[in-house]
Amino acid sequence: MRKLYCVLLLSAFEFTYMINFGRGQNYWEHPYQNSDVYRPINEHREHPKEYEYPLLQEHTYQQEDSGEDENTLQHAYPIDHEGAEPAPQEQNLFSSIEIVERSNYMGNPWTEYMAKYDIEKVHGSGIRVDLGEDAEVAGTQYRLPSGKCPVFGKGIIIENSKTTFLTPVATENQDLKDGGFAFPPTEPLISPMTLDQMRHLYKDNEYVKNLDELTLCSRHAGNMNPDNDKNSNYKYPAVYDYEDKKCHILYIAAQENNGPRYCNKDESKRNSMFCFRPAKDKLFENYTYLSKNVVDNWEEVCPRKNLENAKFGLWVDGNCEDIPHVNEFSANDLFECNKLVFELSASDQPKQYEQHLTDYEKIKEGFKNKNASMIKSAFLPTGAFKADRYKSRGKGYNWGNYNTETQKCEIFNVKPTCLINNSSYIATTALSHPNEVENNFPCSLYKDEIKKEIERESKRIKLNDNDDEGNKKIIAPRIFISDDKDSLKCPCDPEIVSNSTCNFFVCKCVEKRAEVTSNNEVVVKEEYKDEYADIPEHKPTYDNMKIIIASSAAVAVLATILMVYLYKRKGNAEKYDKMDEPQDYGKSTSRNDEMLDPEASFWGEEKRASHTTPVLMEKPYY
């Protein structure tokens, strides 16, 4: 056994040595061999013909008689551009004795910055109507909000009513339309609760006491158990009012209820179910709608403020371009544009309901037009025997660009991958606050990324291995826009970007290898697809040291396990008592049938089929 241990240990050390130092080959001799990215262009010339031979031009690398072959010359760039203003010395990323090759890798410098605008990923549920999860209460399944980001400015409008949705729900002998959506009064009071009251209530709770006000409000609402069912994972939503610093727990999770089958807009019929819908309204601009799943770090990962001097775009091989296919609407201001985006955003509202005709009208129209399906739907309404549990997962028209000059709101459903610097635009999302704006466009992002990529690439090539003329070779990334035009190394004179508050320059004479399709999808051009067939979508990291450390640690762990095993073999094996198996705790009642009851528990004795069902909407009695 000891011999086996020694053999395994020696093998482990040999494996570690191979990872760190290889088997004698010089990695730097072939820096692009077996590489998926950053390969020099040998077959495709990305520059116009007049720039293929920079030695024939006025500005060169001071190597007129160097005798370089054509393959080397086609990658060279003139150092100074005719008519270009020289950049300050500290901003010039290249020296005059360097040969520049252009990378093939079409990376996106905006990836990290734009992560919070990937709403499908960061929010993961509906926005206009959020019913993204199901939970069981007292043996019955209900839907509930589940979005991971706050929805700023969202509220509920009760149709034809002076009652606001933050009014406590009607209880006992009250008429239905006398109440709203909020939790009824309790002793002690749990809703509404001020920020100071919540801080005091949770002052000894290490997990809650230091949370921000929105997350604290969400967790406070999540502490309430419906119907005293402690086994239920149903959690109430909440609304936080920034103006008075109050957290309102919502007893009703439904956010939309329309149609003559489900509600009555007649205000005089006080005890009939009211109609309601979600909205971003002037009355709600201080409100924030919260689900049980709001993440603790929402300020970092979720959008809140709108972006001034910016418009959402798509990153297309070196530059951020306009989204070509959008839906355009008129909007007097940013608030109206944000409201429009919200109305068209991702929604979990069920689709199977009739929101216009009453049962009598449907029967009448059915006989008149000999439409049997219409007559059938009056007696057997859609949803009565089949629950419509549509979940958007955050997919929808969640983004918009507002043009302050033309007063047009451009709305689209494709995830933006970059920002365009434009003084006439404000970028907004359905999650964002309808009014709040920030003006901090990252003007240095491109220049910083160019520098970072060159430094990263320098680890893969020998910068000190100069050619006969003392020239160094660097690999420049495919970024063709920057506030430092010298960093672009453009074969033509870069153009100034109009309406740019960052004073950007763009290089337009380099052929693009990608394009945008009719459905707003960025794809590699046909002539370059073979070259990019084996390149992964995501840029690999070059932090080889992390891989080495991880591999070494794994080998060390293996060696330690072997040592412990051999040590234990020397003596008698110790006997360990098995932990007692956990006792069966109370479990919520499970349903054997998959066809859940789709009828809403609307207030009153009669149950009606509803498109909002199954949502917990029971009248509380005391």
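Every residue gets a Cβ built from N, Cα and C, even glycine.
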CYS502: disulphide-linked cysteine among CYS443, CYS490, CYS492 [source: Swiss-Prot]: CYS443
Recorded disulfide counterpart of CYS409 (Swiss-Prot; options CYS337, CYS490): CYS337
Euclidean distance between Cα atoms of CYS302 (disulfide bond) and CYS502 (disulfide bond), Å: 25
Distance [Cα-Cα, Å, rounded] between CYS247 (disulfide bond) and CYS509 (disulfide bond): 56
By Cα-Cα distance, the member of recorded positions CYS149, CYS263, ASN422, CYS443, CYS509 nearest CYS217 (disulfide bond): CYS149
Recorded positions near ASN421 (N-linked glycosylation site) (Cα-Cα within 10 Å), from CYS149, CYS320, CYS443, CYS490, ASN499: CYS320, CYS443, ASN499
Number of Cβ atoms other than its own within 10 Å, given for CYS217 (disulfide bond): 29
Proximal residue to CYS443 (disulfide bond) among disulfide-bonded residues CYS275, CYS302, CYS409 (C-alpha distance): CYS302
Nearest of the recorded positions (CYS149, ASN422, ASN499) to CYS337 (disulfide bond) - Cα to Cα: ASN422
Top Cα neighbour of CYS490 (disulfide bond) in the set of recorded positions CYS320, CYS409, ASN499: CYS320
When distances run from the Cα of CYS492 (disulfide bond) to each of the disulfide-bonded residues CYS302, CYS320, CYS409, the nearest one: CYS320
